[in-house]
Every structure is written in structure tokens, then in C-alpha cells.
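Report on the structure given below.
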Amino acid sequence: LQGIFVLGLPYALLHSGYSGLLLIVLAAALCCYTGKILIACLYEENEDGQLIRVRDTYEDIANACCKKLSPNLGGIVVNVTQVVELIMTCILYLVVSGNLLSHSFPYVPVTEKTWSVIAFVTLLPCIFIRTLKIVSKLSQLCSLVHFVIILVVITYCLTQTHQWSWAKFRLSLEFDDFLVSVGVIIFSYTSQIFLPTLEGNMKNPGEFRCMLNWTHFFACILKTTFALTAFLTWGEKTKEVITDNLPPFLETLVNLCLLTKALLSYPLPFFAATEIVYSCISKDNHSNYRSSLLALTVRGSFLLLTLLMATFTPHFALLMGLSGSVTGAAMTFLLPSLFHLKLKWKKLSFLEKCADISVFILGFLCSLAGIVCSIKGLLEVFG
């Protein structure tokens, strides 16, 4: 999903001006920080003062925080939040795929929803994905396509340096537009849902913090360069998705690359969502056959659900914004900081406590602002 958000960064700069550049850097730092404190919640010190991994998932962390209130309440809340966000992401990929196919082949007499169904057919093999290893290989290809897209756009922008002007940056801001920019910038970095699984599958988990620092650093550099060069090229004419500004030939090429990226991106959130649901409903006394049948049923049901919602849900983008404002902010800012405070309170310094509280407040404000904007948009549509 980050690739889709990245394409909206130049448009975010259009509405946020110089503050947008600062936000790109700040968002990278905050998301890197919440990723680290979330993983810290997986560990506890033993009698010798060594850190031992005593929890494996986001659900385990939530249950540990809420065990006095209810043993499973925290895990249920986290699982529902994760599944909603992941499924909405999968649906978004189908909607985007239909839109990209429709724009790439405008002369073909096929509706956008029909194109989404065609894209869905190519995703049917996801039913048989059983391990994260296959998903990781698809994600590597997805990253490669992502870099091709960024490279094409930046290369074209560099050929237009003769028309660049810093005067294109806005100094005055409109509050509603600025909030939209904040949402696009912040959620272009979110990955907290996948971090516990990622850290647990690393050959050297001790290198996780270093990996997180470097990936967010390079992501910040790449996103700043991309957003800046694209905005300086088109200025006030910058469109919501920057590929719409490209010449027709390049636009079609990039749209096809985006389609490839969307289809390659689908398996990761799909696999994560189905694994969460499967682990919640499966029993230890199931035979291998029945367990395999249950897993196939869960995956097949989720595939069909994403297709039905992508095809029949009106104004999905606004609903995505509303759910994203709740689930995205919760999983990225609210819950990591809250869990860290709960589990590590006695061992945290005063500055660390202030940092966690500040992140929580910021996440709450971002979530509230996003909810208000999304509801306002829905009221305007249905009004």
C-alpha cells in the first residue's frame, strides 16, 4: 500500500507547502520509533538481566496488557482491528487494479468493476499460499516494480528542471487540505502490523533496530526526493495521483507497473488476515486434513469477500478513509505507545514516558481529524 500512498505525496506537498517536507521526515522518525517500542513489548528481562522473547504477536502484547481486565479482551480488539485494516487494504488493491486497467485500456468496452473481477481471477492462487516465504518473494518483486515506478517519474521530472521554481511552494495553509496531507504522509510509512512476524522470522533479530533505522532513513530520502521533484515539475497542476500528470505513453507504462505492484502486494495483507482468523478458529485436535480444509475455506471466503466489497460497496474510498483513520492510527501510534507504557512503565525514564504520551496524543488527534474529514465527505456524498 505504501506505493499507492507515495504517489500522492506530491499532491500532499501542494496542500502542505514547506511543512509537508518537515512532515515527511517527522513521520519517518515517529513510525520508526513506534516500531521499536512495539517490538520491545515482545521481550522481558530474565533473572540474569537478559532480554527473552516471551511474546510472539501483536495479540500476545495486547493480552498481556489487558490480562487483569480480561485474559483475551486485548487480543480480540487487536485482531479485529488488524483484520479490518488488512481486508480493507486488500479491497483497495482490487479497486485500484480495476481503475488502472480501465484507464490503461479506455477503448475496451468493459466497466471498471468488470476489470476488478478480471484482476481478481489472477489472485485466485492466493488460496494455496501456506508460508510467509512465498509471500516474501512476491513482496521482493513488488519492491522492484515500485522502484521502477519511482525511477521513471523522477527521471522524467529531472528532464523538466528548466521549469522548476521554489515559488511554487505555498506558505498559507487550509486546515482541511492540510489534514488530508498529514494522513497521506503518515500512512505512507505504516508497517507495524507486520513487524512482530518480521522480527520473529529474522535470522538475526538483534539487527532489527538497525534494520528499522536504515529502512526508514532511506524511505524518507526516497519519498522526499520523489515528492519534491514531482511537485517542482508540475506545481499547482499537480494531480491527486502523480501518474496522471505524465505524458500519455509514460502514464500507460506506469499504470501497468502500478497494476503489477497492486497484484503483487495483495498476497501480504491477505495472508496476514487469513492467518489471524485461522489461528483464532482452529483447534489443536483437528486432523491435518480438517485443518487444511479449514484453511482453504478461510482463504476462499476472504478472497470472495474482498471481491464482493470491491464490486458492490459504494464510495469505498471514503469508507477506506474512515476505517483507516481508526485502525491505521490505532495500530501505528495509539496501541504501541499505550502498550509500551503499560508493560515497561517502571523501567522507562521520564523522557521515554513523555515521548510515548506525546505519540499517543498525536495519534489520537490524527485519528480524530481523519474521522471528521471522512464523515464530512460521506455526508456531502449522501447529502
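Using the three backbone atoms N, Cα and C, a Cβ is placed for every residue, glycine included.
Annotated domain 'Amino acid transporter transmembrane' per TrEMBL: 2-375, in sequence order.
Long-range contacts of the transmembrane segment (20-43) within its own chain (CB-CB distance under 8 A, at least 6 residues past either end) are made by residues 9, 12-13, 51-56, 58, 60-61, 64, 181-182, 185-186, 188-192, 195-196, 199, 208-209, 212-213, 216-217, 219-220, 223-224, 227-228, 332-333, 336-337, 339-340, 343-344, 355-356, 359, 362. Summarising the annotation, TrEMBL assigns transmembrane segment to 20-43 (among others).
Sequence-remote contacts of a segment are chain residues at least 6 beyond its ends whose Cβ falls under 8 Å from one of its Cβ atoms, and for the transmembrane segment (76-95) they are 1, 4, 58-59, 61-62, 116, 119-120, 123, 193, 262-263, 265-266, 269-270, 272-273, 276-277, 280, 302, 305-307, 309-310, 313, 316-317, 319-320, 323-324, 326-328, 330-331, 335. The transmembrane segment annotation in TrEMBL covers 76-95 (among others).
Sequence annotations record features per position, and here TrEMBL assigns transmembrane segment to 115-132 (among others). Among residues of the same chain six or more beyond the transmembrane segment (115-132), those with a C-beta under 8 A of the stretch's C-beta atoms are 94-95, 97-99, 101-102, 197, 201, 259, 262-263, 266-267, 270-271, 295-296, 299-300, 303, 306-307, 310-311.
Sequence annotations record features per position, and here TrEMBL assigns transmembrane segment to 144-166 (among others). Same-chain neighbours of the transmembrane segment (144-166): 2-3, 6-7, 222, 225-226, 229-230, 232-233, 235, 242-243, 246-247, 250, 253-254, 257-258, 260-261, 264, counting only residues six or more beyond its ends whose CB sits under 8 Å from a CB of the stretch.
Sequence-distant contacts of the transmembrane segment (178-198), counting only residues of its own chain at least 6 positions beyond either end whose CB sits under 8 Å from a CB of the stretch, comprise 2, 5-6, 8-9, 11-13, 15-16, 19-20, 23-24, 27-28, 30-31, 34-35, 38-39, 42, 55-58, 61, 82, 85-86, 132, 208, 216, 219, 223, 268, 272, 321, 324-325, 328, 331-332, 336, 366, 369-370, 373. Per TrEMBL, the feature transmembrane segment maps to 178-198 (among others).
Tertiary neighbourhood of the transmembrane segment (210-233): same-chain residues 6, 9-10, 12-14, 20-21, 24-25, 28-29, 31-32, 35-36, 150, 153-154, 156-158, 160, 163-166, 168-169, 188-189, 202, 242, 245, selected by CB-CB distance under 8 Å and a gap of 6+ residues from either end. The feature transmembrane segment is assigned by TrEMBL to 210-233 (among others).
The transmembrane segment feature in TrEMBL is assigned to 253-281 (among others). Remote same-chain residues near the transmembrane segment (253-281) are listed as 1, 3-4, 7, 59, 79, 82-83, 86-87, 89-90, 93-94, 96-97, 100-101, 103-104, 119, 122-123, 126, 129, 132, 134-135, 138-139, 141-142, 145-146, 148-149, 152-153, 193-194, 197, 243, 246, 294-295, 298-299, 302-303, 306 (criterion: CB distance under 8 Å, separation of at least six residues from the stretch ends).
Distant neighbours of the transmembrane segment (293-312): 87, 90-91, 94-95, 98, 113, 116-117, 120, 123-124, 126-127, 129-130, 270, 273-274, 277-278, 281-282, 286; these residues of the same chain sit at least 6 beyond its ends, with a Cβ under 8 Å from one of its Cβ atoms. Among the features that TrEMBL reports, transmembrane segment is placed at 293-312 (among others).
According to TrEMBL, the feature transmembrane segment maps to 318-339 (among others).
Residues or ranges marked as transmembrane segment by TrEMBL: 359-379 (among others).
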